[in-house]
Structures are given as structure tokens and as C-alpha cells.
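Okay, structure first, notes after.
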Amino acid sequence: MSPGGWARDLRMGLRFAFSGGREGWLRVTLTAVGVGLGVALLLLSTALPNALSVRDHREKARSDYTYAPTPPPRGDDTLVIADTNTTFHDKDVRGRLVEPEGPKAPLPPGVDRYPARGEMVVSPALERLLRSDDAALLRQRLPYKVVGTIHESGLIGSHELAYYAGASGLADRIDGSQVARLKEYGSPNPVAERADPVLMLLNLVVIVVLLMPVAVFIAAAVRVGGERRDRRLAALRLVGSDSAMTRRIAAGEALAGALLGLVLGAGFFWVGREVAGSVEVMGVSVFPSYLNPSPLLAALVAVAVPAAAVLVTLLALRGVVIEPLGVVRTAKPARRRLWWRLLMPVAGLALLAPMIGKGRGNGDFNQYLVTGGVLLLLVGVTALLPWLVETVVARLGSGGVAWQLAVRRLQLSSGTAARMVNGIAVAVAGAIALQMLFAGVDADYTKDTGKDVQRAQMQLSVPDGRSVTAESARFTATKGVRRVIALSEGSLGDAAWGAESGPEKSTQVTVGTCAALREVAALPTCRDGDVFALSGSEYDQDATALATPGRVLHFSPRSDEGTDVTWTVPAGVRRADSVVDPTGMRRGGFLLTPSALPAKAAAQVGGQLYLSLDPAVPDAAEYVRNVAVSMDPLQNPSVWSATERSRGYDSIRTGLLVGAVCVLALIGASLLVSQLEQLRERRKLLSSLVAFGTRRRTLSLSVLWQTAIPITLGLLLAMAVGLALGAVLLRMTGTAVTVDWTSVLSMSGAGAGVVLAVTLLSLPPLLRLMRPDGLRTE
Amino acid sequence: MIAPAGSLLAAHDLRKAYGPTVALDGAEFSIHPGEVVAIMGPSGSGKSTLLHCLAGIVPPDSGSITYDGREMATMTDAQRSALRRSEFGFVFQFGQLVPELTCVENVALPLRLNGTSRKEAERAALGWMQRLEVDDLRGKRPGEVSGGQGQRVAVARALVTGPRVLFADEPTGALDSLNGERVMELLTDAARSTNAAVVLVTHEARVAAYSDREIVVRDGRSRDMERAV
């Protein structure tokens, strides 16, 4: 067949697609909407790497951490900048106090001019938030006048909350970390971080798992209206087109839907891109301009989707005998063969097998083998499912009328049913494997902080020079604070700390009221003036030796200019056993009640406040932050959590969740379209069944069975493949294989839920189609 | 309205419109047990609508229909469905067999919908298939049989419940004359043997010849015709 002939037939198909009247347009539109949704998701996926890279570049471009041991000298091109990040209602606010030291001080990206003292420039999202009614506490915390906006180039997302506020006197507080002097923004020594191979593996698998169902979905979408199309094709045969020509014309019709789908997909993507700029998912937002698909990948989508439409149609029509008259589908299609369907998952396992036991320590995983292996295993689901459905439904016995109608329908055309649930099965198989992998490596990326969140939920340091007692009292009086444990902490050594040799032995010293000290040690009796030497600490080896009455010890100075302050271990020092303190540690060294601390030593210990909040006051943490900032603008009290997780791991997990929701919604939409299409095809039959008295309940139940049987089989297969893939992935990362049945069942449940929702949504149209109007022919 | 004496199914002053299109405009109808009545008329005259109203598939806008002395308008949808299941039988132009069920399962379907066990329903179905000379098709699906055979299977399905009224809407419309005549012979013979009334919608005089009486519908109005002998 010449390319010219191919083109002619495809063109004819294209024309037929649009000249079929209302019916034809509806079919093309349904196909195009399906393909369009898939294309939009593909374009979005191709745009995501770019979006993440732009975010990363912007973050690096505005970096103001120097970590320099000595700051550069003050000049007309320097700036002092202080990190004043805060949190408001669980949302991070990036805050900076800035003090340009000359006219040539570098401007941060996205800022036109420096705000004066008492003024600030803010991100649009922060500006909106500050204007809102529920931001009164944040307005108190940021009492600066808004004089400008941070432009897009200075932000990493449309919903980022950020500000630069003018300040003075920051130079005195330069410490190289929280407060720094800069000559330019940007990371001074950019170091390419070596990606964790397991995180890379997770990333790869997440992408494959999310994109596979989209591909399956597109393949299903181009076959919308297949049955009716087959009947139309018979008419073409009647007027003289040969079998191959007819198939090419059919492919041309599918091509029409795919091409229109590409246009719609571009439109959906454009709309989605704008919408993406206005939403925030799990704390991540982007600007629409970040979401530019890579031109090469976009071109690939533009070529692959129409090509796939043609190929899928030609493949689908392989088993259809289009005759000029009547029956167009072979009444009994050839039985599906298992051997080649098994080849795919087996080949997938074979690709992954060499990486089993590699673990984290042996370099990167081969991404081609990983992608290929996972892809083949998941494609294996789509190949095995039609065989499984055919084999099982062939053996199903008869039951009630609804069951019989459903089983017989599945026996006659199990391929359609299997195609409908293929997407769900692939998504569930992938999700189960990923959940297993996540659950398996979770412990590696989740650290127990050891903090006792029952005893305290927030912590902050009292700035040097401030009275711990007074600040503790301020927080005690703060709304929502139930209790404050105030402890001052320092170190004692057996020699002066400034001396060249320094102390040989040193230990910890903790100062607090008897009530506060009881949080760190078991004290039988305690009065102000008492001193205790602690035992029971895991790491403090020197305490016992130093706790000799009469021994002179030296306080560790809090700054380089600090003077040597000594303290003599009193004769009345008593022994006490340490207990696990709120931070999860067993302290060692000395416990001093306030009167036991020499007045000169007050500056040598740093105050820490551990706050217990009242859960009945929802804004308790915000009140605390406001009081802290009023005490010192550089204060950012930390909120305790029992565990903390790696950021990279968390963002991959977030990505999976967001992607899984999108994919399931997409598949649900596709299922619904296919379901409605099938019902529409059977409208006349449904009406005649109702005419001779079939209960609507019977027909509804039969529709439910028709979906429930293949989905049950699909989910069982998905569980088997998902568990196999999950086990292999875990073995690859060198992790013990365990099955998290809750995740497996919840993933399968989510898949089943989508099907149930689709069936319920298709019931009203089903009831409408069962109306006797369907019998009208004139 | 008082139905004509002895009539099983009667309609008086039926009106039905689909949007601006008037399908029935004061139509009258009656049929006695065992009688075969042909409803004739050109395309779009309202004859199928009349059949659908008589069978309780479509409610008329106004007028009354009585079946066995009961006013159909007073019946609920479930009651009308039950009536169609147990007392009426249907044959449509294209058979409307369920493509995924075998022929015997198709014939047994109305009995199964009435709660008869599968075995018993299929035994009765096979009996009717024998009478209609299609018992050799029992295991075949509708897609594997010819139009005439399929229509005979549809007649068997319509008669399997022992209906008192058989509604046939252009039952031979899709068949050649030879097949059409055979289907009509079998249908009317079977109906007469069970004393079932047959409401036969057709536009072919050849088919109407199998009836005892003809009613012509034109522009939604019906007219009883004398049988020309």
C-alpha cells in the first residue's frame, strides 16, 4: 500500500468523523475530550521538571546564607540581612530584615528598592493574607508598612508568603548564620548535591506509575464509539472498500478525535497552567510561567498521540471481520493466548533482577533498567487482564437475571470490560508497589526527634541579656500557654575556657527553679539555693569527677569577649538521678537553683523556654510567636514534633499523592465516558427490555455486575503485580520485604471506590435511557 | 368510558403529543380475547404510539385505556411493568433480542423475570422454540442466526409467558416476504391456540391479512375498517 493511499484513506476517515451529523460530532468530541485530558496531563508532566528547576534556580538566586567565618568589611556595596522566617497557621513565611550599608548594596531578586526602617515589601500572597480578616495576629507580628511588592523573579511560587523589611542596628548581631553581611545574593559555593539513589528510584517509579495509566487512558479514549463505528464500516464495505482500506478509514476517524484531542489538550493544559498558578497543593505553588513543557517532549506528545490513535485502532480492528452485510464482529473471537502476555511481566522482572540487593551504598540504579522493568511489569497488567477476565467469566455459572445478563455480556465481549478497568488496575498496581516501597524505606527517612510533645510543644531561646525569669513570666501570661519550663544552660570546665589548653574535663550546668529542675531529674527535696550533681546521664563522663565539694570550676563564656567566671562546688552538693527531660535527653552535670548561681555567672548561661500549649486555644502558637517577636524580631520559636522526615522523601510522597489523585480522577472520567457510551449504544435494547417488563433494578444491577466483575479481577491482578513489583523494589533497595496490608487494601479500595462512584453516576443516565422513548423510530 | 362489551383491552379518545408533534388525536381502540387486530397506517401516522400507549409503555396525555376492566391510568409504573411481564408479550421489528444471551436464554428471559427457575424457564422456552421451529438454535447467540430465525425466537419469547395480549410492532418489517409470511403464520397460529389477543402494527396489507379486523390510523385518528373478504 502506497503512502499516498494511506493518506487518502486516513483523510477520508477524518472527513467521515466530522460529517456524521450530531452522532458523529458527539463521538469525536467524546474521544477528543478523553484524549485532551490525557494530553494535558502528559504536557503537565513534561512541564514539571522545568517548573521544579525554575523553583530551584530562583531559590538559589536569592540565597543569603554565607556561612562565612568572618563577614566582609562594611562598604557602600554591602548589606546586612537577618533571617526572620516565621510560621502562620502552619504556613511558612519567608522573612528577612534588611539593612543596606551603602547605595550600591545588592538588591534581592524581585525587589526594586530597599524598604526603609518600619517598611516592608511583600509577596502578593502575603499582601492578600495581611489584608484578610483572619490575619490580625500576623499583622501584629509584622507591624511594618507595606510599600511594595516582591515580583515573580524573587519568589518560588505564586502562593509563597515572603517579605523584606527595613531594619537598623543589625550589624551588631552578625553571626554568619542568622544574620550575615552580603555583597551579593546567591549561593557562594554552589555544590551539586549527589542525589540519594533510593530517592532517585522512587522518583523514577512515581513518574512511570503515574504516566502509565494516562497512556492506557488515551488508548481507551481513541476507541470510544467502537461498536457503532464497526456497523458504519460495514456500510463502507458494501460500497466497495476492501477490508484493509476500511480499517485505515476507521483509523482516520480515530485520528480526527486524537487531533482534536491534541488541540483540546493544549487548551486544557493552558487553562490548567493558569489554574496551577492560583492553587497551592501541600504547600507547593508555582507561577504559570514555570510550567513550560520542554519543546522536545511536547513535540513527542504531539506526534505520539495521533500515531498511537492510528495504531490502537488498527490493532483493535484486527479481530473484527468487517463484512458488507450484517454481522461485523466475529461471533466467537479467537481465545486469548497467555504465553506472550506473560512475557511482558517476566521481561520486566528480568530487567529489575540484576539490581536486587544493590542497596543504597552501591551507587545509582540504572534508570533505563528501572524504567523499562517497571514499564513492562505494568504493561503486563494491561496484557494479562483481558486474558484473565475472559478466562474467569467463561467459567462463571448462572445466577439471577441481572447476574446472567452481566456474565453473558462479559463472555461476549470481555475485551471492552477489561479495557475499561485497565487504567485503574495499572494505577492500583503501581500505587501498591510504591506504597510498599515507601513503607519499607520510611524508617530511613523518618527520624524520631525524641522530644516529648506531651510535656512541651514549643521551644525558644531567651536572647542574651534578657532575664529568663521575666521572659518566662511573659510567656506564662500569654494566651494559650499552659505552662513554661524555664531552664538556663551552660557548661563548666576544670580550667578557664579562654586559656590555650582549655579545660580537660567539662560538664553541663542547668539552672532553674525546683519545679523546672524536676523536669530533668528526680529531686526528693529541693529549695532555692540547692545544688545537685546528676548521675544517670548517658554521655557525661566527667560529672562525677568534677562534683567534688570545694573544687573550682570555670563557666564557658557565651561570647569570645566573655570573662572567666568561676564557681566553687559547694559542700552541700547533693546527688540526684537524671530523668528524661522534655527534649528526650538525660542530662548530666550540675543542677543549680537560681540562688546558687553566682550573679556574675548569669550571663554565662543561656535561657531556654519550653512551652506547653493549651489545645483548646487554636491560635496559641501564634500568640507565642507574637510575644517572641516583640521580645526580639529575630526570634522564631520552634514547634516540636515527635518525628521529622527528609524533605526530598516528603516531596516525592506528596508528588505521588497529588499525581495519584489526578490519575484516579482522570480514569474515573474515562470510565464514565466509556460507560455512558456503552449504555447509549444499547439504548434501544434497554428500552425493549423495559417494555416487556424488566425491572429497572434488574438492569441497574446488571450494569453494576458488568463493572464489578472485571474490576474485582483487575484489582486482584493489580494486587498480585503490585506486591511483586513492590517486593522487587524493596529487595533492590536492600530493605526487608514486608507487606503493608492497610496500604494495599486502601489502594484497592480507592480503585474500587472510583468504579463504584462511576457506576452510581451512570445510573441516572441509565434510567433515562430505559425510558420507552428509546423504542421510537420515527 | 365504558369499554365495548367483552373487550379485553380498550382505549377511548387517546391523545398524545411529542413536543409540537401530535401523534394521537382522539384515537379509539378495542380488542377481544383471541382476536387479531391490525393497526395500519402510513409512516408517522401514530400507529406505534398507539401500540405503546395500549401496552402501558407510554402514558397518553389524555383519554383512557382499560385492560380487563381496570383503568391503566390508575396503575403505578411497577404495576404496569408487572402487567407487561405476565399478561403481555412483545415482538418488535428488529427482534431486540439480547445479543449476549443465547436464543434459549432470550426466550426464557421473561419467565426468569417473573421468578421462574432457570431450568424450568428454559424447558418452557424450548417448548415454544420447537413450536416455532427454531429449537435447533437454542445454543446460538442472536448474532449467529438469520433475521427470520431471530424474529421467530422473538415470537417465542413473546409467547412463553402465556400472555393474554401480544403486541407486535412491524414484526416482519425487516424480513423478506417468504420469511415474513412464515413468521406471521406461526405467530397467529400460536396466539389463536392460546386464545391470546394480538395487536399487530403494520403498514403492509399482506401482513394485515392475517388479522380479523383492521384499524387505520391517520394523523393520530383511528378508524375501524370492515374486513374486505
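Each Cβ is built from the backbone N, Cα and C atoms, and glycine gets one as well.
Range annotated as transmembrane segment by TrEMBL, chosen from A:254-272, A:425-443: A:254-272. Contacts between the transmembrane segment (A:741-763) and the transmembrane segment (A:338-356): absent, as fewer than 3 C-beta pairs lie under 8 angstroms at sequence separation of six or more. Counting Cβ pairs closer than 8 Å and at least 6 residues apart in sequence, the transmembrane segment (A:338-356) and the transmembrane segment (A:25-48) reach fewer than three and form no contact. Here the transmembrane segment (A:25-48) does not lie next to the transmembrane segment (A:703-729) in space: the count of CB pairs under 8 Å, restricted to residues six or more apart, is fewer than 3.
Recorded stretches compared: A:296-317, A:655-674, A:703-729; the one with the most Cβ pairs under 8 Å to the transmembrane segment (A:254-272) is A:296-317.
Here the transmembrane segment (A:703-729) has Cβ contacts under 8 Å with residues 201, 205, 345, 348-349, 352-353, 356, 373-374, 377-378, 380-381, 384-385, 388-389, 392-393, 396, 402-403, 405-407, 409-410, 414, 417-418, 420-422, 424-426, 428-437, 440, 675, 679, 737, 739, 744, 747-748, 751-752, 755, 758-759, 762-763, 766 of the same chain, all six or more residues outside its ends.
Residue counts for the domain 'ABC3 transporter permease C-terminal' (A:659-766) under DSSP (helix as H, G, I; strand as E, B; rest coil) come to 95 helix, 0 strand, 13 coil.
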